[in-house]
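Everything below concerns the one structure shown next.
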């Protein structure tokens, strides 16, 4: 089909969350505060890992890179959402919509891979402590982080390119606050079952293999923790692993409802809320979860705040 003859849509309209102007102002203020807190929280973790020598370990190196990823992940959706809330047209360009679509899924895939290698790090540290320093070297950690970014961003260009080539000649209204797979496919004039199947298969495989690896790692890890004779060592291990499991549960719980289970019976508003949880709320909660349950991180964050106060007073 000739795209020039059928591709009549030059922009999309993101409806976002319904409500009167007062509700829109409230939502704008709420999401702006969440966005700023997310940037500050994850930025503080990056500074703490960089400046505190005690945090120059593989676990905190991965955590610092994960915080950097979260800043980009939340920035792929929230700034445009804030702009649309105040906009009268609520329009996003055709290319802008598919760029957001690409970055949103690429960063989400990268996050799944990051959570998997963080589980691998904890598994090695607790189950193989003698081999841990020789395996998790700085070079190997850098390689793992690089692979997460490369795989995450190389997985979606081709399927998203084919989706962008579909004829969008009907309505251009997307009842969502971001450009997502289901709303875009609903606007296409021609069915593309193969492209849709490849996209969802790829997303499901990433989710399935990463969550299965994480669960396997923690099953072996918990078995090893229960064999530790020292109660203090067990508490420390549970504290460190509990933070990671809390993040995994929050992220995967909502993502799998959206992209693995059928979404046809889920109301549109509920789909928006679920997407909001894993794309906006999870990056906000991550620094809180990791810092509140970790004494070293809390001490490092205090040092960061102390440095900032000194620099302001000088």
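Placed from the backbone N, Cα and C atoms, the Cβ positions cover glycine too.
According to TrEMBL, the feature transmembrane segment maps to residues 273-292, out of the candidate ranges 273-292, 293-312. Range 197-216 is the one annotated as transmembrane segment, of 177-196, 197-216 (source: TrEMBL).
Averaged over the domain 'G-protein coupled receptors family 1 profile' (41-290), the predicted model has a pLDDT of 87.
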